[in-house]
Amino acid sequence: MRAAERELMARLPEGALMQRAAAGLAAACAELMGRVYGRRVVLLVGSGDNGGDALYAGARLARRGAGVTAVLLSPERTHPGGLAALRRAGGRALATRQKEDAAAVERAIRSADLVVDGIVGIGGKGGLRPDAAPLAELAEASRAAVVAVDLPSGVEADTGEVRGAAIRADLTVTFGTHKPGLLIDPAREYAGSVRLVDIGLSLPDEAEAEALQHADVAALLPVPGAESDKYRRGVVGIAAGSSRYPGAAVLAVAGALRGGAGAVRYVGPAGDAVIARFPETLVSDQGPKRAGRVQAWVVGPGAGDDAQSVAEVLAQDVPVLVDADGLRLADRDLVRARKAPTLMTPHAGEAAALLGVSRGSVEAARLHSVRELAERYGATVLLKGSTTLVASPGGGPVRVNATGTSWLATAGSGDVLSGLAGSLLAAGLSALDAGSVAAYLHGLAGRFAADGAPMGAHDVSESIRSAWRDVMS
Ligand SMILES: NC(=O)C1=CN([C@@H]2O[C@H](COP(=O)(O)OP(=O)(O)OC[C@H]3O[C@@H](n4cnc5c(N)ncnc54)[C@H](O)[C@@H]3O)[C@@H](O)[C@H]2O)[C@@H](O)CC1
Ligand SMILES: [K+]
């Protein structure tokens, strides 16, 4: 962002870029309020250009008849052009450091229709400073809608981490491109809905993070051609389940059958349960080594302590997905030594165990954690969660999946995902594509299945076909 801004600013008249940002911001605020005339707007203004954006947008709203009050966090370092523009348009300014203004600031925020958060943008470090934190609390407590400028102040733009107090916005109007902090939890939860304003920047081709959309997924989904037979479409092997957890095998197979492979081979002690539910499955109890040829393996869901199967699968020269118990049982050196792709699919707790840290520290630093795991294990890693992340070993953009729903936090939902992703691996997708496409479909299927009410993991597997059709239509 910084480099792209510099490059464009050098070619534009002074202040033009900020005017573009402010115009987009004011338009979004006007749309959110429905009408501008007579509305009460409070601007929270920090000392940088983020505050400048807020002031110029406030001036635009004031010219259309809104009553605009700017709350200045450091009056002596406020963007001078922005403040002058606001004053010319009839807006007023209060200073947080002035005792006589404190009560007026509180009153203004309490009675506002809209609060615009221009405290800090991409220039921010750490959570909100002590003088700014109380403003975030006031804004949250007021009935006003809160619009964040570029980012909710206090969140880390580059990582999605939140290291202290931060603004909770209903809408974030961001400029030029989405920042990782707008896509990745926990920061994402502070952003509300996100609107992108194009300010004409040319951005580098390779992003830090990317999010697939319907069209991207549609282009990646395997579609059988006229010449396809079940072997050419790929056979996926599922080594999962145990006498204690036969259901995990059934759910992984359920996911795999909907993932585009031509056949699903099941290996393990839950063959009877699998066949009873899915008669089309090829079942064997001979162990992965003697199961016959597959184009990809899924190992681990409900596997209990079957380390032997995990080792046999990892020894095969085809793509392998390792999930759940498999993550605990897999030998790290064996994983690292593999030539064919490996896709590991931990949730935060499993990721914490693999990294030797606490679950909380994985959840607080999801982007860092997924990259670190991919590096340590030389594997593609899909870190599950409210926003699922997929990272390749050796770097490149991390894929962020935002289709999920909290209803997916239900037992067995991960087994369905691993079967689905394994099936896509067998159909020939790369580990990064298989993981991110599976997460996308799985999230969408979860939304369709839940439709606002609790559901079970088997409901998710049954909605994968609707999700697939939705993506393709
Ligand atoms: N550079 C440009 O051409 C453009 C910049 N734009 C805006 O400018 C912003 C970046 O501006 P700046 O580089 O001036 O930086 P910011 O305005 O984001 O923040 C810098 C100021 O915030 C203070 N600060 C840092 N961390 C803080 C914290 N935790 N709590 C409270 N205050 C903190 C610093 O003391 C510094 O003065 C973008 O986010 C965007 O809103 C837009 O106007 C588009 C064009
Ligand atoms: K902000």
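Every residue, even glycine, has its Cβ placed from backbone N, Cα and C.
The following features are taken from TrEMBL:
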- 49-53, 121-127, D150, A248, G302, H347, D415: (6S)-NADPHX binding site (BINDING)
- N50, D117, S153: K(+) binding site (BINDING)
- K384, G385, S386, T387, T388, G414: AMP binding site (BINDING)
- 1-207: domain 'YjeF N-terminal' (DOMAIN)
- 213-471: domain 'YjeF C-terminal' (DOMAIN)
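Figure note: comparing Cβ neighbours within 10 Å for the binding-site residues D117, D150, the maximum is reached by D117. T388 (AMP binding site) sits 25 Å from K125 ((6S)-NADPHX binding site), taking the Cα positions as reference.
For the recorded AMP site, residues K384, G385, S386, T387, T388, G414 set the reference point as the centre of their Cβ atoms, and the other residues of that chain within 8 Å of it by Cβ are H347, L383, L389, N401, G404, L408, A439. With a CB cut-off of under 6 A applied against ligand 2, the binding-site residues N50, D117, S153, H347 are reduced to N50, D117, S153. Excluding N50, D117, S153 themselves, the residues of that chain whose CB lies within 8 A of the CB mean position for the K(+) site are, in sequence, L44, G46, G51, A54, G118, I119, V120, G121, G124, A148, V149, D150, L151, P152, I167. For the binding-site residues N50, D117, I122, K125, H347, a Cα to Cα distance of within 10 angstroms from K384 (AMP binding site) holds for H347. Filtering D117, K125, T387, G414 by Cβ distance to ligand 1 (under 6 A) retains the following binding-site residues: K125. The subset of binding-site residues (D49, D150, G385, S386) lying with their Cα within 10 Å of the Cα of D117 (K(+) binding site) consists of D150, given in sequence order. Nearest in space to K125 ((6S)-NADPHX binding site), taking C-alpha to C-alpha distance over the binding-site residues N50, S153, G385, S386, G414, is S153. Looking at I122 ((6S)-NADPHX binding site) and G385 (AMP binding site), their Cα atoms lie 25 Å from each other. Less than 8 angstroms from the CB of G52 ((6S)-NADPHX binding site) sit M18, A22, H79, G81, G82, G118, each of them six or more residues away in the same chain. Here the domain 'YjeF N-terminal' (1-207) has a mean pLDDT of 96 out of 100.
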